[in-house]
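Database features, via TrEMBL:
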- 23-288: domain 'NADH:quinone oxidoreductase/Mrp antiporter transmembrane' (DOMAIN)
- 290-343: domain 'NADH dehydrogenase subunit 2 C-terminal' (DOMAIN)
- 7-23: transmembrane segment (TRANSMEM)
- 59-79: transmembrane segment (TRANSMEM)
- 91-115: transmembrane segment (TRANSMEM)
- 153-171: transmembrane segment (TRANSMEM)
- 203-222: transmembrane segment (TRANSMEM)
- 243-262: transmembrane segment (TRANSMEM)
- 282-304: transmembrane segment (TRANSMEM)
- 324-343: transmembrane segment (TRANSMEM)
Amino acid sequence: MTPQAKLIFTSSLILGTTITISSNHWITAWAGLEINTLAILPLIAKSHHPRAIEAATKYFLTQATASALLLFSAMMNAWYTGQWDITQLTHPTACLILTSALAMKLGLAPFHFWFPEVLQGSPLTTALLLSTLMKFPPMTLLFMTSPSLNPTLLTYMAILSTALGGWMGLNQTQIRKILAFSSISHLGWMAIIVSYHPKLTLLNFYLYSLITATVFLTLNTIKTSKLSTLMTTWTKTPALSTMLLLTLLSLAGLPPFTGFLPKWLIIQELTKQSMAPAATTISLLSLLSLFFYLRLAYCATITLPPHTTNHMKQWHISKPTPSAIAILTTTSTMLLPISPLILTTV
């Protein structure tokens, strides 16, 4: 792909995201989502591999369906109430259809089936965009419409997402698929709290995007996409492999790291809302995802592959670690001590 084409598609992505997150009217929000979808398709299919073409087709079909549902819910609400404003969504059927549309856009269970397949067929940099930037506009719409949505439905969808994200990720060997199921699991945490404390959903999304960006950029630097190749990368970049271990533990939400902060706040808020059973269920289900994060972390830092087959040792990379990865790694592991400062913004 030529640099000019890349520039056009990246600019369109930024434009589409900006239009959606800054709009008050459903039509402009929909237009921004469409620009986003059309701009990411060439980036998914740029390798011309059959799997990449398949991923682009699946992505187009699901996003087109979700956009049509979103437009349908907006039109239904406008038909009954005369309101096109995003925050004035009051008709119950329109709210239900919108929940389905946004769940499909985000990859929230039970509309999650397209996401691992699309991520597996995309290059690592495009997979990073799909996991973070492409989820920002629908997440903003979820944030803006959160007072109108059904909290019980969102809670059930959230618990289902966390369960399926954990269970389906257990048996994977492809790192992009593991990170896709990790994303589905994290979306569960974001969806469960959106009706009660929407700002916590956004905080969770920002920190998740930060940590996921670190993992994807690290994997892109060491050119790894399978667990078997991850086992032999310690000779290539020992320091980066060690930091990948800490970042994965942060993504799992273990206490000394940044990833623990949103989980802690969400459990606290759910308990305040007399939803202790839901908090307990989602916390126990997140142990499933902890297993595959630990598996990834173990493979990233293992120094001898655990079988007798001789592996070709990788050449040590003499180039310094990119400064972006260094900054992202630091923030994705060490923000917990400044949580009081972060809480002032929530």
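Glycine is no exception: its Cβ is also placed from the backbone N, Cα and C atoms.
Contact count against the transmembrane segment (153-171) (Cβ pairs under 8 Å) is highest for 91-115, out of 91-115, 203-222, 243-262, 324-343. Cβ atoms under 8 Å from those of the transmembrane segment (59-79) belong to residues 26-27, 29-30, 33-34, 37, 40-41, 44, 88-91, 93-95, 97-98, 100-102, 104-105, 111, 114, 118, 130, 141 of the same chain, restricted to positions at least 6 beyond its ends. When Cβ-Cβ distances below 8 Å are used as the criterion, the transmembrane segment (243-262) is approached by residues 182, 189, 200, 203-204, 207-208, 210-212, 214-215, 218-219, 286, 289-290, 293-294, 296-297, 300-301, 329, 331-336, 339, 342 of the same chain, each at least six residues removed from its ends.
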